[in-house]
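*Asks:* Pulled from Swiss-Prot, these are the listed features:
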type: REGION; residues: 41-70; note: region 'Disordered'
type: COMPBIAS; residues: 44-54; note: compositional bias 'Polar residues'
type: BINDING; residues: 234, 235, 236, 288, 388; note: L-serine binding site
type: BINDING; residues: 265, 266, 267, 352, 353, 354, 355; note: ATP binding site
């Protein structure tokens, strides 16, 4: 959530930064904030008068005035009127705060000053390409979903029968490969300092609001309406909310977590896109990296986060590129973001496999996650970062295509062979 104080003090700057992302009008928020501050001033004045009246009553009684006399009676009547007015202001203030929050919640994060300005993905900037030497030269590579079905390791037809379109059943070596990928990713992240988390797959509305999925992406999520519970679209949600409404010590930072979970998305805006294969499913597995850090280190931590995602792709020897996203293509909560895209030879394109975002204090404000430094007054909001490390289904798709052999078999990447106990599928 954006800082109302920043909007109040620098409305033109905030409006200009928001314009880099789209059309957003701050004027209704500014007007409501002005009303709220006027009410706060009035409440402070009334509270001061109430305290003054109470003090005067006490002093007069102490000096010998008749507690039932007209002077004391008049003061008490005034005090009661002031208290009544204060009581009237309370719901009005509460309503104004709720209205301001309702207008703030749909606003995206402000893009970082270093984020390239642009309107769409066409203006993203490629900053790195790796692994061209690993691009397969086999001219007969077929899509991952075709080789998966030929090998008997993917069953889309039964996935549809069990659920609906955009579901798959992995069989035999397919299930084993998925599990091997997950184990390898988690082990690697843990080795470099991430602490594994297994948190709920069902979360409440407050949790989704804290990380920015609600209210904007309600239509993209699966909801259990009777219980006010939602299936998570990413484990970033449950991992970040471990610390919701907490004050950490500066010594606890940085916090690194990794988590494997199934993720669930309705893909409401993806009609007709990637209708076959593992690229866009309603249920998919993902290993997520989450960092909670000191604001002064978040930019450095962002680069490390990208490197941790890269390390998985490099270990698997999967060709990829990195894009720096422009302001118009940023995710809702991101201030700065790099997308890692893996090479899929059957289509001759790079496809997103990880999105590494620095959300700065945007989620921390919504989730009320702060930290306190020793010998310093007050608290600060933490900075948060998240990134896929990696999307498991897309990793499998990339392996099935990049490691496809001329004879129709698929070689298991060397780093996964100890988990699989085999060299080929």
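Backbone N, Cα and C define each Cβ position, glycine as well.
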*Asks:* Looking at the binding-site residues 234, 235, 288, 388, which has the shortest Cα distance to residue 352 (ATP binding site)?
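*Replies:* When the Cα distances are compared, 388 comes out closest.
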*Asks:* Starting from residue 355 (ATP binding site), work out which of the binding-site residues listed here (234, 235, 236, 388) have their Cα within 10 Å, and give them in sequence order.
*Replies:* 388
*Asks:* Given a 10 Å Cβ-Cβ cut-off, pick out the one of the binding-site residues 234, 354, 355, 388 that has the most other Cβ atoms nearby.
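*Replies:* Selected residue: 354.
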*Asks:* In whole Å, could you give the widest CA to CA gap in the ATP site formed by 265, 266, 267, 352, 353, 354, 355?
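*Replies:* Greatest Cα-Cα span of the listed binding residues: 19 Å.
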*Asks:* List, in sequence order, the same-chain residues at least six positions removed whose CB sits under 8 Å from that of residue 266 (ATP binding site)?
*Replies:* 219, 220, 221, 222, 282
*Asks:* Using only C-alpha positions, which one of 265, 267, 353, 354 is spatially nearest residue 288 (L-serine binding site)? These are the binding-site residues in the record.
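*Replies:* That would be 354, nearest by Cα distance.
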*Asks:* Just the number: how many Å between the Cα atoms of residue 265 (ATP binding site) and residue 234 (L-serine binding site)?
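*Replies:* Taking the Cα atoms only, residue 265 (ATP binding site) lies 9 Å from residue 234 (L-serine binding site).
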*Asks:* By DSSP, what is the split of the compositional bias 'Polar residues' (44-54) into helix, strand and coil residues?
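*Replies:* Breakdown, helix to coil: 11 helix, 0 strand, 0 coil.
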*Asks:* Could you state, as a whole number of Å, the largest distance between Cα atoms of any two of 234, 235, 236, 288, 388, the listed L-serine binders?
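*Replies:* This binding site's residues have a maximal Cα-Cα distance of 10 Å.
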*Asks:* When DSSP is mapped onto helix/strand/coil, what comes out for residue 354 (ATP binding site)?
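*Replies:* DSSP assigns residue 354 (ATP binding site) to strand.
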*Asks:* Look up residue 288 (L-serine binding site) in the DSSP assignment and report helix, strand or coil.
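*Replies:* In three-state terms, residue 288 (L-serine binding site) counts as strand.
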*Asks:* What is the number of other Cβ atoms found within 10 Å of the Cβ of residue 288 (L-serine binding site)?
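*Replies:* I count 28 other Cβ atoms within 10 Å of it.
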